[in-house]
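These come from Swiss-Prot:
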DISULFID  CYS230-CYS232  disulfide bond
DISULFID  CYS263-CYS266  disulfide bond
Amino acid sequence: MPQHDQLHRYLFENFAVRGELVTVSETLQQILDNHNYPQPVKTVLAELLVATSLLTATLKFAGDITVQLQGDGPLSLAVINGNNQQQMRGVARVQGDIPDNADLKTLVGNGYLVITITPEEGERYQGVVGLEGDTLAACLEDYFLRSEQLPTRLFIRTGDVDGKPAAGGMLLQVMPAQNAQAEDFDHLAMLTETIKSEELLTLPANDVLWRLYHEEEVTLYDPQNVEFKCTCSRERCAGALKTLPDEEVDSILAEEGEIDMHCDYCGNHYLFNAMDIAEIRNNASPADPQVH
């Protein structure tokens, strides 16, 4: 059995092409545990999680990537946020009924894919592409074609392992400033496309690479762990409250007695009473009662 929740990078010795392989199980489960999503939405979040992990691994700097689907369908929003340390979180918003056999276009409707790259230092970049492909992988390949100009292929698989949801994926990309032959890249993509869900989700990474590329010379690097981690905090909530008009905050306090800030990603609640709000307005740091 493979070690899930790990990302592996690999290089082809004889081609200017690099690859990534990721499998997720526990990270996915933690994202899904906080909500009661229909199965098709769980599948979309699993695919988004895999895609975001693969994309963050392409970053050459410290920062994060947010990959989100938005549309006018019953799945109005699905988003995964991850950073270069492979710390992930995600959430979806569902409006209306979703049939069990709903595909991506049925779920999202008329929509688009938004990819936001936020370096810790430097300018933020955002790319938007319409959902013209039938799969998330196809839409992401369209994004790469339009933005990076680097030939890129993604292969995403979802399923169950020991009764728990799992997902995996592989990314192939021509190395920047390298002259990879188109036929070489296409050859490697054809090999990678043969990967089955069962193989990707149940075999160790080196076995997967052997099955796909046993006639090629491939270097597999040490893996990087993938984990669920939310970036919410009481301080961030206090900062958000500080931006609201005093009248609006006071009205909620008068009606409710306290303000309950809820994080959609992890389910944490942060409670603020009148004394906390007074401290926030005085630029003090309020006490830290946090409800899970």
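Including glycine, each Cβ sits where the backbone N, Cα and C put it.
Note: the Cα of CYS230 (disulfide bond) and the Cα of CYS266 (disulfide bond) are spaced 6 Å from each other.
A 10 Å cutoff on Cβ-Cβ distances gives CYS230 (disulfide bond) a total of 20 other Cβ atoms nearby, all chains included. Cβ-based neighbour count (10 Å, all protein chains) for CYS232 (disulfide bond) stands at 18. Around CYS263 (disulfide bond), the same-chain residues six or more apart in sequence whose CB sits under 8 Å from its CB are CYS230, CYS232, HIS269, TYR270, listed in sequence order. When Cβ atoms from all protein chains are considered, those within 10 Å of CYS266 (disulfide bond) total 18, not counting its own.
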